[in-house]
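Visitor: Structure below; questions to follow.
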Amino acid sequence: RWVKFEEKVEDGGRRWSAPHVPALHLHSLFQLRMCLQEGTILLGLDASSFKEIIDQALSGQPERVGLQPELRQRLAALLLRQPRHQPAGASLRQFVEHGLSPCRGRQSTRPWMDGAGLGALLLPRGTAAASLPFQLRNPLQKKIPLGTEAAHVAVGEVEFLEQPFTAFIRLQRAVVLGSLAEVALPSRFLFILLAPQAKMKAYLEVGRAMATMLTDEHFQRVAWQAECQEDLMAGMEAFLDELTVLPPGKWDHSARIPPPSCLLSPHRRTTVPDWQSHSNGDMAAAADRASLRHSHSGDELERTGRLFGGLLRDIQRKVPWYSSDFSDALHPQCLSAVLYIYLATVTNAITFGGMLGDATANMQGVLESFLGTALAGSIFCLFSGQPLTILSSTGPVLVFERLLFSFSHDHNLDYLEFRLWIGLWVAFFGVVLVATEASHLVRYFSRFTEEGFCALISLIFIYDSLKKMLSLADTFPINWQFRLDNVTSYSCICNLSSHARGWHGPKVPVYATSSPPALSSQPPAALAGLSRTQCLDQGGHLLGTSCQYVPDVTFFSFLLFGGTFLSCTVLKLFRSSRYFPAGVRALVSDFAAILTILISCAVDAALGLETPKLLIPSELKPTNPERGWIIFPFRANPWWVCLASVVPAILVTILIFMDQQITAVILNRREYKLQKGAGFHLDLLCVSLLMVVTSATGLPWYVSATVISLAHMESLRKESMSSAPGEHPEFLGIREQRLTGLAVFILMGVSVFMAPILKHVPMPVLYGVFLHMGVAALNGIQLTDRVRLLLMPAKHQPDLAYLRHVPLHKVHLFTFIQLLCLALLWVLKSTMAAILFPVMV
């Protein structure tokens, strides 16, 4: 049988083999061509039952075949016998026990005529028939998408025939043919080949060849549209033109070729082999360059020549999809994406909120970071052109905030008011850029720029997660001097000699128990012992060699960190595993990050170690009590500040434009198969206007978070359900919708009220998720593949398309220049000149 690929009977007839690419004998194709030329071809046959089909097929035999009436009756009786299908067990084992091939019985091929093949050409099913019990019990029924049709190939030996009997039939409308198939599917194509026993072995291969051709998208289209025998033969000639022959002795004939990880779409296949023209490679390379130049958006970035013309076109393109942007989110996979991206966004908000608080004397802190992310992100998800983008604070914005606060402090200016004027100017410049269709410049961003930017942001995520983990050794120091043999000399006591009441009594031993003795008004000498917390509360200080010892926390945190990263990576790949049914594999893969976080939290809770936890503000009030929630433009600063703000506003405008547009280009790559359009002008307008909202409320500024946005896209991948364990699922696109991002930012807003729950999540687990995001984004760019090529001998390098057309030394030179630019960007972002980062990009 053929379910996308060929499957054969194994293990004494008890199971089907794993799917594999069929290997055909060349002569079987030539013989099939002869059968189609000399046999019966019935195209557009109007029949509603298998009996009608057989009667018309026998009566439509060419005169040269010369079937006598008695012979036709015997063939009709033979063909109309009740079929016994291979999964029935007993009948299948009989074939094997008698040394016969199961191909001698009926076999059904199932070309999957979905959207990539003939989905648009499928006709109504026609006459329906009730499903038989064995068809309903067949587990194959669950794996077949709606709209699929069955094609039947029947090959058998008939002792009373002297010449082969061949019929190729295409029904006018697809009908369910009772028990002919394992599952109740409508059928349109049938191929019947009956031959004498002497020629049976060769004709079995002819049947396999016919079945293989019926699973080919090009031949399916020809067979569907053919009006005469000549059309069908032309389709077979086209199939033979694309055929590749493997020479004997160069491969093992018994080996089965596994299905490829991805298949070429029909429109990318060509009937002109490379050997026919050496210039063909140059043409392909030129086509690749042209496709890269125009892959970002098609006509989305074409200039209209009118004010706000690009914006109006974005709105016209997105409005028809707006209702589906919410209905398309009704899938369990979206729930996993919400929880995964929420925890990543929370971690990012806490990290940048803490650094903003240090840089601005708490004029902006963790609470402002949470509220700003919730407000800006929700508005962006509702009105943007690409709602899969996740907004967040970034390193260059943090550097600018630090420089602006220092300048304001040195010149006695109100920082938040100065910042408000900058935000207003940035919004104005952003509207001007949208009105003049400046996003048109995005079409000149090459893969070189995209990959450099994406690689830098990915490396920052990886570096920051490792840096945070290494800093745990300062908070929870590792006792490198601990020796088990010296355990009797370790002690820690509480010295109360500097107590406020002037007691100078003896020192009191410290207890680490959670329920220390109650305090009394007696002098310290009378106390049985104090805990570490009580000692410090009483004004004492700790003395001893083991007072700073924190057992196991740092090392266990690294175990949580590494375990989270590895588990996320492994579970994400579980979809193509060989274990468990396809539905279970897909569920585990979709919820990989959430399952990993839950398992890690459970392990941490079971051991009870005091690992650092996720701490969220629990009160809705400004971090700095000297500021309010509304910032007024004319309150403390001189009038000229509103004009002087133009200069820093230009730098921020460049930062926002470059960050937003490059991220939009990366997210709207052609390989993601997005269907609803990009909306570059609409995105830029939303981010620009959000500058007014966040500046007027004293909340942080936000731009696109490239790595988190890529993780958001990856968590919403639509992939086909594999027909067998081990088969690579086919990538179908991204679930384009607004609800997951909106839900993430709403959860950010209510996180203050979820602090009692979130405080149980260890920070090392979230840092492990960050590391997974960074590594996944880094592995998704071509630059990483080319860096690996630097370490590979030529004979071990993979067969990549660009290596066929570009000399290897040119590829290495290109990679070296890209790495050099990446290093310069890294050095720049590590200095106070990081505000110039977008200009350098």
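A Cβ is built for glycine as well, from the same backbone N, Cα and C atoms used for every other residue.
Unlike curated records, TrEMBL annotations are generated automatically.
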Visitor: Any idea which of 169-189, 337-357 is down as transmembrane segment in TrEMBL?
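Guide: TrEMBL lists transmembrane segment for residues 337-357.
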Visitor: Quick check on the annotations: TrEMBL lists transmembrane segment for one of 219-248, 369-398. Which range is it?
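Guide: In TrEMBL, residues 369-398 carry the label transmembrane segment.
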Visitor: When you check the transmembrane segment (813-837) against the transmembrane segment (553-574), do you get at least 3 Cβ pairs under 8 Å, counting only pairs 6 or more apart in sequence?
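Guide: No, these stretches are not in contact.
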Visitor: Are the transmembrane segment (337-357) and the transmembrane segment (586-609) near each other by the rule of at least 3 C-beta pairs under 8 angstroms (pairs 6 or more apart)?
Guide: yes
Visitor: Can you tell me which of 418-436, 638-658, 679-703, 765-783 gets the most C-beta pairs within less than 8 Å of the transmembrane segment (553-574)?
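Guide: It is 765-783 that shares the most Cβ pairs under 8 Å with the transmembrane segment (553-574).
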Visitor: Taking helix as H, G and I and strand as E and B in DSSP, count the residues of the domain 'Band 3 cytoplasmic' (135-252) in helix, strand and coil.
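Guide: Counting residues per DSSP class in the domain 'Band 3 cytoplasmic' (135-252), I get 51 helix, 30 strand, 37 coil.
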Visitor: So which of 337-357, 369-398, 638-658, 739-758 has the most C-beta pairs under 8 Å when paired with the transmembrane segment (418-436)?
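Guide: Out of the listed stretches, 638-658 contacts the transmembrane segment (418-436) most.
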Visitor: Hey, would you say the transmembrane segment (337-357) packs against the transmembrane segment (638-658), going by three or more CB pairs under 8 A that are 6+ residues apart?
Guide: no
Visitor: Summarise the model's confidence over the domain 'Band 3 cytoplasmic' (135-252) as a mean pLDDT value.
Guide: 83
Visitor: Could you tell me what the rest of the chain brings near the transmembrane segment (638-658), counting residues at least six beyond its ends with Cβ under 8 Å?
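Guide: For the transmembrane segment (638-658), the sequence-distant neighbours (Cβ-Cβ under 8 Å, at least 6 residues beyond its ends) are 396-397, 400, 404, 413, 417-418, 421-426, 429-430, 433, 438, 684, 687-688, 691, 701, 703, 835-839, 841.
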